[in-house]
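The block underneath contains the structure these notes are about, expressed in structure tokens.
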């Protein structure tokens, strides 16, 4: 007796394509298919990755996403793409993608990149990348990218193996949840005074409301 099974994070295609019907009220894991008779080449097309993103923000970075919500033809194909722009000293802060591995290539400039493994080792894998260099961030690992140049911009392109990889920015989740986490809990977790937590939570809301 023999058995086999396939494991995948995204729904696998059961036909040539399943263009997402973004307007459908039906809720499924992903999106229901658009009527194939109403599909056109534009459902498989996106334009604009040649345009630099606006990095005029606190982090000095911008992510232009091409996932299923921007490109409906990606539905069930298990892939997406982003362009990341970094101002001088710009940072894509520590974050995770809960549903995807990321592979990044530097197009222009220099990046310091890294990811940290899970408990208990918490090993940091760190590398300096230049134009043409490629680095992979395994699924679920906390990772970051930083442009160390004080004068030059950096541009990178990343591919992710999910039509909707998701992103959890660590600081946003911990200090900026829409119902704040009790400061006593965070103070104990980070082994700092509660006032430090209160200041961080207050500053987060000031920064994100301005």
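Residue 1 is the first one shown; counting continues down the chain.
Keep in mind that glycine also has a Cβ here, set from the backbone N, Cα and C atoms.
Remember, TrEMBL labels are computer predictions, not curated facts.
Summarising the annotation, TrEMBL assigns disulfide bond to 18-33. Less than 8 angstroms from the CB of residue 18 (disulfide bond) sit 31, 33, 34, 75, 76, each of them six or more residues away in the same chain.
Here TrEMBL flags 47-198 as domain 'Cupin type-1'.
Summarising the annotation, TrEMBL assigns oxalate binding site to 92, 97, 102.
Sequence annotations record features per position, and here TrEMBL assigns Mn(2+) binding site to 95, 97, 102, 143.
Listed in sequence order, 137, 139, 140, 160, 162, 165, 166, 167, 168 are the same-chain residues at least 6 apart in sequence whose CB falls under 8 Å from the CB of residue 97 (oxalate binding site). On the 0 to 100 pLDDT scale, the domain 'Cupin type-1' (47-198) averages 97 in the predicted structure.
Around residue 95 (Mn(2+) binding site), taking its Cβ as the centre, 19 other Cβ atoms fall within 10 Å, counting all chains.
Residue 95 (Mn(2+) binding site) sits 12 Å from residue 102 (oxalate binding site), taking the C-alpha atoms as the reference points.
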